Amino acid sequence: MADQIPLYPVRSAAAAAASHRRAAYYSAVGPGPGADRRGRYQLEDESAHLDEMPLMMSEEGFENDESDYHTLPRARITRRERGLEWFVCGGWKFLCTSCCDWLINVCQRKKELKARTVWLGCPEKCEEKHPRNSIKNQKYNVFTFIPGVLYEQFKFFLNLYFLVVSCSQFVPALKIGYLYTYWAPLGFVMAVTIAREAIDEFRRFQRDKEMNSQLYSKLTVRGKVQVKSSDIQVGDLIIVEKNQRIPSDMVFLRTSEKAGSCFIRTDQLDGETDWKLKVAVSCTQRLPALGDLFSISAYVYAQKPQLDIHSFEGTFTRDDSDPPIHESLSIENTLWASTIVASGTVIGVVIYTGKETRSVMNTSNPKNKVGLLDLELNQLTKALFLALVVLSVVMVTLQGFAGPWYRNLFRFLLLFSYIIPISLRVNLDMGKAAYGWMIMKDENIPGTVVRTSTIPEELGRLVYLLTDKTGTLTQNEMVFKRLHLGTVSYGTDTMDEIQSHVLNSYLQVHSQTSGHNPSSAPLRRSQSSTPKVKKSVSSRIHEAVKAIALCHNVTPVYEARTGITGETEFAEADQDFSDENRTYQASSPDEVALVRWTESVGLTLVSRDLASMQLKTPSGQVLTYCILQMFPFTSESKRMGIIVRDEATAEITFYMKGADVAMSTIVQYNDWLEEECGNMAREGLRTLVVAKRTLTEEQYQDFESRYSQAKLSIHDRTLKVAAVVESLEREMELLCLTGVEDQLQADVRPTLEMLRNAGIKIWMLTGDKLETATCIAKSSHLVSRTQDIHIFRPVTNRGEAHLELNAFRRKHDCALVISGDSLEVCLRYYEHELVELACQCPAVVCCRCSPTQKAHIVTLLRQHTRKRTCAIGDGGNDVSMIQAADCGIGIEGKEGKQASLAADFSITQFRHIGRLLMVHGRNSYKRSAALGQFVMHRGLIISTMQAVFSSVFYFASVPLYQGFLMVGYATIYTMFPVFSLVLDQDVKPEMAILYPELYKDLTKGRSLSFKTFLIWVLISIYQGGILMYGALLLFEAEFVHVVAISFTALILTELLMVALTIRTWHWLMVVAEFLSLGCYVASLAFLNEYFGIGRVSFGAFLDVAFITTVTFLWKVSAITVVSCLPLYVLKYLKRKLSPPSYSKLSS
């Protein structure tokens, strides 16, 4: 039945014919360059078929015609253009369209990236101009700062509306009151915003300047000169010392290491902690001195800049020799920017700079992030504007459209403009600054820095947390924890027993032999008078330790010293074996941990080159082994091997170690390996199985001849080489099982548990291997012990992706582990289905992810779920992900400051994210929600009073309050108490951390929604009506004092409403209340002319004696109580009948 279901369902015969025509076209064109690699738009084999099984949730996603998936960009554009021609049905229209497209392409055209020829040490020979080698995290420059900031502000409806209102005051017929009444608040808002952006931009400028000003040694004809990183050009010869950052993409020409190779750390580029071995160009490495680089005529041909950090194609040519020397260049001859030199000193020629480097091309441009709260408030202001227009139209309608009604309509729009409060932006921006200050001053999260002060509320709305692994969840330090021999297991507390066995073994070797045959000593020792069991265990320990000390790709490097020539030299093995002088370098931290462990038990690696390695025994004897063959680790084989010959005995041994899934079929039958591997995995240990096989000289010579022939094959070289190696991998002797732990950051487990309880789904995106990522996910409790893990098997085409997605769909409540390659294939065909399924998982682990893939995953989550995302990382490879997320958090740690500098928030440890979210994020959101709604209430209530006042005066467009009263109402009279809400909190910080479930409520957005907004609108209408009608009813005899009466009651009502809203009092809140009340009382003495109806024209001024009477005071108090008391009663009843989640904790 399976082969009856087509892989690509075709809906019509026409579609099928079109598909065959495309296939014929591609066949005719030919493979073209890069045909050996599967491209993004490459056609799949349409003869494949799917198994019979139900499709997933979205049927359309699986039944689309294959033309939707397999059309090349060029073919797609051609098809679109033909459709456009047919649609317009006119040559002149098509000509106009083409001209417009050409103009758009000219205006938006980017510089085309091209391959280049780079002459060594001759930047002036470059044919084209290349970008500056500078790091830029700034959003603006000197010319775009003011326009950019103004655009970012006036794109908000609130600010644009007030700009229009303020400009309308220049029209005499529309003028209401004084100009400063409108322009002063708007100017203040813009000044605060520009100042804040200027400070943030200046800080980014300083950080960029610090990175761009790092000094490097540049090799010239006259010698070495110091040059800034930003001044490096294509063609320069740059010298990079050990532990120094590589400033630009270079081709590796020369090193101080005599082997002609060095190690670099790439964790800031790809997230992998494995050190990468780089090989210098042999032609330049053989030159006697550095200055000889200028005595030859040589150039590098490099491919055009591209995103892929794992590939490079180029050639090195020396044309002053006869015949010219040509060397092919690959990824192992390159030094990418943002990597760190781990050994020796390197010299390279710069081929890419600035935005053409791999690291920058994999980093997205910084964008202006707008918080969800700001977007929600922007929607509410649009609703308020609609209410403003409706109210103005109603007033004009009730006026009977008398006279120039359109002028009255605009005047009403201006009179009620306080429905949309301009002080909203001021209060929110000042609140954000206060939240940032509180975060940086929190002693429980020292070193935390707020770099983007506009989105602190985002910390309280997060649903997805995407985290890096290396250096973020882990300390990036491997520690040897367990050695298992099958019958006996050794842990950290019994390592001294292993050390004793090794010491006794080699001491007896040294005493029983005269250096003639040291390797046979353990066998003779095992035949001594000691018990048989003890001898067996001791012999097995000896063999296991020796295998671990030999089977690796670790190189010991000794501390550098300066030679006579001025070049860096390194201590050789026969010169200096001091332990404090030695460091280990390898492509895997696991291997370094194993070699360090063998050193701790007595067998030390002291020297290694391409042909041999030397071990030092506890007795001080040096054992030399010739390296005959080396089989490096690959993700496909999951194992590595080495064939060595003992120089003392001429014994040839094949050692191998690898993952249990790969080694279980290679080693001899045993009954303990699978069980013990499972036990160690449950402890969070990374396991490796070690085995050996002894070879005779004849066996090795036969293997070597077959292996050499396979390596010379032109076709299927990889498969043939693997087949020859597999002929040795049979019935190998199982020596031991090792367990290594990648130590987690402090308090990672409780922090992840807290985040899960808070309703945050955690995704781990790492460039590391699948096995490593899975192990860390278990040990960190990202995946709980009771949850199953679904490892998404590798897929390469649409059919395989379909099958695997259907298999994954049947799983329930299991974590997903998927590799970057499989992820890209699935996203190419079934993007929506994969994201939908992944979002249902309790945890997701994506391994082997490139920086661009990390950013793409974040973008997909934002687009498909519409939920708030947060990305956290500590390396340069995490910058794109951090910038793509709604909220980016950088950890300043061992991998440098690049992620920290590009993030919105910077912390020093992963565990700090718990308090940052549970306490500061939660408080920031709830405070801003309350502050925003209270400010809108403040504008609505005064607009309601204006509407009542106008209706009393026969719907005349006459202002109730003018001049300083309107400015003071939103500033000195009520601003301090309202702004003091930024100090309010519903529960104590300790409770918020202890009960992270409180955070989960925030993701629903109930603190600020249309429901709560409508409640505040009703409160405003009620209070505004009570204040105005109460003033008119109670003071009918003294109608001339309505302004003073109503305004006084209004101020008291606002102060009481703030007091009723506050849940936790702070001494500054009390000060704010009394300070505002004092300012109002004091202003009555010198602002009496503002409190009369119509002021001078009516001859009405405030009677100071009147406001001091008991009648005035009790009637104002009565109005205020009537406006506030019912609301307090309703609030009290609601808390009793339907208490919020935090009320029990706060009580």
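Glycine too: its Cβ is placed from the backbone N, Cα and C atoms.
Membrane topology of MET754 relative to PHE1035, as recorded in Swiss-Prot: opposite sides.
A count of other CB atoms within 10 A of each Cβ picks out THR470 as the most crowded of the binding-site residues THR470, THR687. Only sequence-distant pairs (6 or more apart) were considered; of these, at least three Cβ pairs between the transmembrane segment (145-165) and the transmembrane segment (409-428) are under 8 A, so the stretches are in contact. The transmembrane segment (383-403) shares more Cβ pairs under 8 Å with 940-960 than with any other stretch in the list 940-960, 963-983, 1013-1033, 1042-1062, 1107-1129. Ranking the binding-site residues ASP468, ASP874 by C-beta neighbours within 10 Å puts ASP874 at the top. Long-range contacts of the topological domain 'Cytoplasmic' (1063-1066) within the same chain: residues 980, 983-986, 1146, each at least 6 residues beyond the stretch ends and with a Cβ under 8 Å from a Cβ of the stretch. Under 8 Å from some Cβ of the transmembrane segment (963-983) lie the Cβ atoms of residues 177-178, 180-181, 184-185, 418, 421-423, 427, 430-431, 434-435, 927, 930-931, 934-935, 938-939, 942, 1047, 1050-1051, 1054-1055, 1058-1059, 1061-1062, 1066, 1068-1069, 1072-1073, 1075-1076, 1079-1080, 1083, 1087, 1090-1091, all in the same chain and six or more residues away from its ends. If you measure from the Cα atom of THR470 (ATP binding site) to that of ASP874 (Mg(2+) binding site), you get 8 Å. Around the Cβ of GLY767 (ATP binding site), the number of neighbouring Cβ atoms within 10 Å comes to 29.
As a summary of secondary structure, the topological domain 'Extracellular' (404-408) carries 4 helix, 0 strand, 1 coil according to DSSP. DSSP assigns ASN877 (ATP binding site) to a helical segment in the three-state reduction. All protein chains shown were included, and the count of other CB atoms within 10 Å of the CB of ASP878 (Mg(2+) binding site) stands at 36.
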